[in-house]
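Accompanying notes for the structure given below.
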């Protein structure tokens, strides 16, 4: 897998100003009333911003973006001018989880910065920042990254200078020189550093793995193999289980009405997990029944690639396979309604789906099988049919392609 190339990167020193912006609104507290981070008015910054987001150069006052991190996303806006300067903004009182504090921040959670995000007054919230500074946690940096080929996605991460024990996975010292140098040029009184990376300049070559939380940047275009640690934090490398991962077999498996009702309630509450500890053949069948009903309903009981509507030929196919991640086994956005042939092709890597939902065929894998080539040829370059709800999660698609 070739990793996407970085186009623009912004590093923010996590000082008291950034802390107050990210912490969240506190009622009656003027210091905690923002839903944005102020950016620079400098000409070179504005030039880099307009290069990364061309609509701003054409006169648009703002561009909508999606903030993404490993396992999550949030809506946001980049303002070319808001009040007297550009802003990196998010929805009201909804700072991206990737940049927020959490008392159990870890490699397997969205949050990286340790701290209590629940204080209700400015004095306590400021004290939480001072506690962080006085601790041995290290100096955090908030980092925003835009990739070539992604018009409206900004990837968010946190790096820690002199990271404490247990947080070495986010240690700034392990990042490529471009990232380290930007961080080193910031300080509490000059909190921003940025760089626009030319696609044609060899010294600007920096690549990004969207599935990696701790160290997503690399100077090398090729992703590490799963066995070398390229999987998301907290996820083990995926060794396919042909029994558990076959959605076709799961749809034919026995199910339990009690489990089906339990899983339906769970999904309605936004909980998509099915723990490994409880998985039996019947549980797999029950979970697939709930997952399948939701996915097929989203797609109007129609294959998203071939258009086939005969139910006997339709399967709710997992994007991230069942055995790879127990936390999203019931997530409808981890599913695509496919007919039998393309389900098998997708499950076994003959058919690949890009972030923009374009279908690609791996012709090297197809090899000399002329009949299979003839069957798959019409789908190469075709766009996936977009469902009524829960479209394929781009992070899940990337994880699938990395397998």
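Here the Cβ of each residue, glycine as well, is placed from N, Cα and C on the backbone.
Summarising the annotation, TrEMBL assigns region 'Disordered' to 217-245, 383-403. TrEMBL lists 223-233 with the feature compositional bias 'Low complexity'. For 303-354, the entry in TrEMBL reads domain 'HNH nuclease'.
Distant neighbours of the region 'Disordered' (383-403): 1, 68, 70-73, 153, 209-211, 223, 226, 230-232, 238, 294-295, 298-300, 302-305, 307, 319-321, 324-325, 328, 331-337, 349, 352-359; these residues of the same chain sit at least 6 beyond its ends, with a Cβ under 8 Å from one of its Cβ atoms. Mapped onto DSSP helix, strand and coil, the domain 'HNH nuclease' (303-354) counts 20 helix, 13 strand, 19 coil. Residues in the region 'Disordered' (383-403) partition by DSSP class (helix H, G, I; strand E, B; coil) as 9 helix, 1 strand, 11 coil.
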